[in-house]
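Below: one structure, written as structure tokens.
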Amino acid sequence: MFGTVVVGVGIAGLARIRDLMNPMPSSPSEHLKLIGFVSRRSFGNINEAKQISLEDALRNKDIHAAFISTENKSHEETIRMFLEAGKHVLVEYPMALSAKAAHELWEMAEQKGKVLHVEHIELLTEEYKQLKKEVAGKDLVKGTLHFTGSVLDENKSGFPAFSGIARLTWLIDLFGDLTVTSATREKQKDKNYSRMTVHFQTANKKPLTWIEERGPGMRREKKINFCFTSGCLENFPEAPRSSVGLFMQDQNLFAKKLLGQVSKEELAAEKWRILQCLDLAEVIQQYCEEPEKIYS
């Protein structure tokens, strides 16, 4: 059994507590035992889960793994603390807000022989699984992925290339290695509006565009337009509902890693994808901030 602690009890943290307390029968998650949770706010108990201090979580020998569900800006520091304390770590994406920090943390986990697992539930949705099947084996001509959503506090969530890394992960997972050819960002401070536009090239020199747009009242929505030599895909394929929740699927994957049930090849491919996305996010930020476009 692996004793676990959940750090941060926002939406994701509460889902983590729920799933740890109700593991899927006969799944790897049955090897995880929730010892408690850490929060800056005072809760006492949540559904029989006990609130403990950060110091206790780091010191407690019965806690082998931490689930980090805090604000993006504190991921790096929290991962570092738990790795230094000799714990395995599961962290919500993005694992850090700079590529340098991400590479350092991964190296640290490897040196200490600990699992560092980055949640990317966007790859586990039925919608995405169907899309991946649809795209497989086709020759891309050009494509666009356009995301809209409500306003984020960038001081907490980071630059849009990092907070929106789920979209970048889709593109890398679907089309392989990408090179940034240009990236710009429009900000209208008075309207709390932001639009980041990134142009990539695939290894076959095909153009891809990622648009990340946020403003007050904007619906959370993804639109695709992927054109292949065989035709264009403009709508997501129909997808069945999954009987297993996304966080539970992710938790099972983490537990499999702790139990040594994931191949070296799969682990290496995942590491490459995660760090490549963070490297690209940093390149995108550098493009956008030089010179920064601000329209008042």
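Including glycine, each Cβ sits where the backbone N, Cα and C put it.
For Val9, Gly10, Ile11, Ala12, Ser39, Arg40, Arg41, Tyr93, the entry in TrEMBL reads NADP(+) binding site. Within 10 Å of the C-beta atom of Gly10 (NADP(+) binding site) sit 13 other C-beta atoms, taking all shown protein chains into account.
TrEMBL lists Cys277, Cys288 with the feature Zn(2+) binding site.
Per-residue confidence over the domain 'Gfo/Idh/MocA-like oxidoreductase N-terminal' (3-120) averages 96 (mean pLDDT, predicted model). Per TrEMBL, domain 'Gfo/Idh/MocA-like oxidoreductase N-terminal' is recorded for 3-120.
If you look up TrEMBL, you'll see 128-240 marked as domain 'Biliverdin reductase catalytic'.
Each of the binding-site residues Val9, Ile11 was scored by the number of other CB atoms within 10 Å of its CB, and the largest score is that of Val9. The binding residues for NADP(+) are recorded as Val9, Gly10, Ile11, Ala12, Ser39, Arg40, Arg41, Tyr93; their greatest pairwise CA distance is 22 Å.
The binding-site residues shown are Val9, Gly10, Ser39, Arg40; of these, the one with its CA atom nearest the CA of Cys288 (Zn(2+) binding site) is Gly10. Note: Tyr93 (NADP(+) binding site) has non-local neighbours Val118, Glu119, His120, Ile165, Ala166, Thr169, i.e. same-chain residues 6+ apart with C-beta under 8 A of its own C-beta. The most crowded of the binding-site residues listed here (Ala12, Cys277, Cys288) is Cys277, judged by how many other CB atoms sit within 10 Å of its own CB.
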